[in-house]
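Per Swiss-Prot, the features are as follows:
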{"type": "BINDING", "residues": "Gly9, Pro10, Ala11, Ala12, Ser13, Gly14, Lys15, Ser16, Ser17", "note": "ATP binding site"}
Amino acid sequence: MGMVITIDGPAASGKSSVSRELARRLGWQWVSTGAFYRGLAFAALQLQIDLDDVSTLASLTHDPVWSVKMDDERTRVFFKDQDVTDQIAHEDVGNFASKVSHYPEVRKALLDAQRNCSAGPQGLVAEGRDCGTVVFPTAEAKVYLTANSEHRAARRAAELGLDHEDMVKAQQQRDLQDSTRKVAPMAVPEDALVVDTTALNLNQVVDAVVEYVKNKI
């Protein structure tokens, strides 16, 4: 495997946009590890599997009824051979995904799948909430993106067409769940480059990350 760069951070901090553009500039592979949890959550919701049915959820991680595939533009999720990538962005899917991520049995199964993502000869850009701390703890370069909660809520509300105040509350709850879960809580990786994206545009953030990566190569 080539070099691995991890990009972590809370929801709507800019992880996906930055990771995708960074991978494009470098000519590397890009994977969103969160897509695995959202894909599982979407499948569970479609199959009406109860959130508390841990054994069935763990078994579903290996069920071919859903799958994750990477291409040059995004990490795609398929359910019954249909591309549902846009649908997994919905808040109900994200909330379900955050809750099932607390289960060690589910995390272990999906962790194996995430680590099996193939990197090209140059490298892999891996984006998520625990890439630098859990999925790829020995990655050569680690980045943590953050932004104030109001700014993140505004981004997410505009993206999904939802009420801003409702989104603020939803994201605060999601951040609490992700940062306090007993298994692999969201945290800033040791020695990571921390970038506050609140007042920066996409190119400014990517430029900063590229300079950081150059010093690691």
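Heads up, the Cβ atoms here are built off N, Cα and C, so glycines get one too.
Note that the structure is predicted; figures quoted are calculated from it, not measured.
Residue density at Lys15 (ATP binding site): 23 other Cβ atoms are found within 10 A of its Cβ, drawing on all protein chains shown. Local packing around the binding-site residues Ala11, Ser13, Ser17 was summarised as the count of other Cβ atoms within 10 Å of each Cβ; on this measure the leading residue is Ser13. Applying an 8 A CB threshold to same-chain residues 6+ apart, the list for Gly9 (ATP binding site) reads Lys15, Arg129, Tyr144, Leu145, Thr146. Cβ proximity to the ATP site centre (mean Cβ of Gly9, Pro10, Ala11, Ala12, Ser13, Gly14, Lys15, Ser16, Ser17, cutoff 8 Å) flags the following additional same-chain residues: Val18, Leu145, Ala147, Arg152, Arg155, Thr197.
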